[in-house]
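*Asks:* Quick one: the structure is below, and I'll ask about it shortly.
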């Protein structure tokens with residue numbers, strides 16, 4: 001028990017953060033499902049509370065899992081470090097997230113407590129900044145001898161870029177929320193779209209890129225260009241957000257910058273997805289067979305969501321709701337990337353193999369549910385409710401996967417992902 005209270009090891013911090021993200025994600029998923037069930041006639045106060053599922057998932061599930069969870073777990077391993085640079089800071093970051101989540105629950109149970117949700121978002125933002133500062137310091141100061149910046153795996157690069165963006169953007173977001181005062185959750189969702197897009201999508205891009213490279217047993221095509229594209233994505237996302245803040249409430253009708261910034265976000269993402277597709281096409285057939293495993297399926301789902309969402313945003317770029325397809329692509333892409341990373345690294349994290357059949361079943365249910373929910377059907381209709389039910393069922397299957405994995409006595413085979421598993425987390429015990 002004392003070990004889990006101190007949390008001085010990066011793996012313990014990562015595991016605890018992933019558990020918190022699972023709880024917050026389940027809560028946000030239930031709230032989203034409630035909104036999509038037409039038979040429920042909620043009181044206005046409870047419906048208003050359920051509308052907060054977006055910020056809850058973003059602040060306490062998606063971003064913490066991608067950075068504080070998988071970032072704390074695998075960035076030190078991938079650069080050959082024994083721990084993060086600031087292990088106590090990592091522990092403080094986690095407990096601030098827990099406190100922020102508890103305040104969020106209290107604010108939802110008592111909608112009259114107008115100060116609880118802003119306080120929770122402040123704590124979550126502080127936790128994100130501390131976590132990112134720790135990871136950035138780890139990358140710059142804890143690399144093993146001989147590992148240069150250019151030799152770092154793509155996942156480490158993605159965490160570095162997302163961390164730098166978090167350190168710059170989140171303090172300004174917290175200040176903006178403090179000045180905004182009213183409706184802090186809605187303000188957070190609106191203000192955080194562009195930086196939140198990058199903070200969520202960058203670790204997902206790095207994670208899926210790592211999986212594609214491992215399964216194809218070859219480096220990614222255009223490896224350096226992918227890093228440059230991620231840097232462009234982070235920079236343009238931040239600049240677009242700054243422009244959005246400066247123009248908030250202005251009478252300007254000029255949308256040229258918005259169009260250019262949207263293109264600057266979409267084009268690098270599509271370039272990276274194209275690089276993955278070329279890498280897959282050039283991989284030998286035995287290596288491509290690994291894509292039929294659960295991490296490969298979720299990675300392909302991530303690519304499909306990004307490509308479809310990016311192309312839909314390009315087509316609708318001239319219309320007012322141009323950001324809607326991109327928003328859906330980011331949210332769903334983060335979910336697929338998280339599950340891809342979980343199934344890819346769960347053997348390394350627990351030493352036990354996951355049930356492959358259940359993993360594929362979860363992927364099928366989630367993909368079908370997502371396709372139905374975002375097929376254009378009305379959000380309160382029975383079709384959308386059926387899709388939400390399938391997606392919810394996939395989460396129950398995921399819980400069963402976790403239970404079965406942890407209960408197994410068998411140990412995972414060494415180099416379970418074949419000859420392409422050459423990064424340090426697989427080669428160093």
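Residue numbering: from 1, along the chain as shown.
Any Cβ shown, glycine's included, is placed from N, Cα and C.
Please treat TrEMBL annotations as automatic predictions, because they have not gone through curation.
Sharing the feature lines straight out of TrEMBL:
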type	residues	note
DOMAIN	1-374	domain 'Cytochrome oxidase subunit I profile'
TRANSMEM	12-35	transmembrane segment
TRANSMEM	55-77	transmembrane segment
TRANSMEM	89-109	transmembrane segment
TRANSMEM	115-142	transmembrane segment
TRANSMEM	154-180	transmembrane segment
TRANSMEM	192-213	transmembrane segment
TRANSMEM	225-243	transmembrane segment
TRANSMEM	255-278	transmembrane segment
TRANSMEM	290-317	transmembrane segment
TRANSMEM	329-346	transmembrane segment
TRANSMEM	358-377	transmembrane segment
TRANSMEM	383-406	transmembrane segment
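So where do these features actually land, and what's packed around them?
*Replies:* With a cut-off of 8 Å between Cβ atoms, the residues of this chain six or more beyond the transmembrane segment (89-109) that come close are 6-8, 10, 13, 16-17, 20, 23-24, 49, 52, 56, 59-60, 64, 68, 72, 116-117, 119-124, 126-128, 130-131, 133-134.
Proximity of distant same-chain residues to the transmembrane segment (115-142), defined by a Cβ-Cβ separation under 8 Å and at least 6 residues beyond the stretch ends, is recorded for 52, 55, 59-60, 63-64, 67-68, 71-72, 75-76, 79, 81, 83-86, 89-90, 92-94, 96-97, 99-101, 103-104, 106-107, 152, 156, 159-160, 162-164, 166-167, 170-171, 173-174, 177-178, 184-185, 188, 199.
Counting only same-chain residues 6+ beyond the ends of the transmembrane segment (154-180), those with a CB under 8 A from a CB of the stretch are 66-67, 71, 74-75, 78-79, 118, 121-122, 125-126, 128-129, 131-133, 135-136, 139, 187-188, 191-192, 195, 198-199, 202-207, 209-210, 213, 220, 223, 226-227, 230-231, 234, 237-238, 241, 245.
Taking Cβ pairs closer than 8 Å, the transmembrane segment (290-317) reaches residues 204, 208, 211-212, 215, 259, 262-263, 266, 269-270, 273, 276-277, 280, 323-326, 328-330, 332-333, 336-337, 339-341, 343-344, 354, 356, 359-360, 362-363, 366-367, 370, 417-418 in its own chain, all 6 or more past its ends.
Listed as Cβ neighbours of the transmembrane segment (358-377) (distance under 8 Å, sequence separation of 6 or more from its ends, same chain) are residues 36, 293-294, 297-298, 301, 305, 328, 332, 335-336, 339, 343, 383-384, 386-394, 397-398, 400-401, 404.
Listed as Cβ neighbours of the transmembrane segment (383-406) (distance under 8 Å, sequence separation of 6 or more from its ends, same chain) are residues 26, 29-30, 32-33, 36-38, 339, 346, 350, 352-355, 358-359, 361-363, 365-366, 368-375, 377.
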*Asks:* What is the pLDDT of the domain 'Cytochrome oxidase subunit I profile' (1-374) when averaged and given as a whole number?
*Replies:* 82
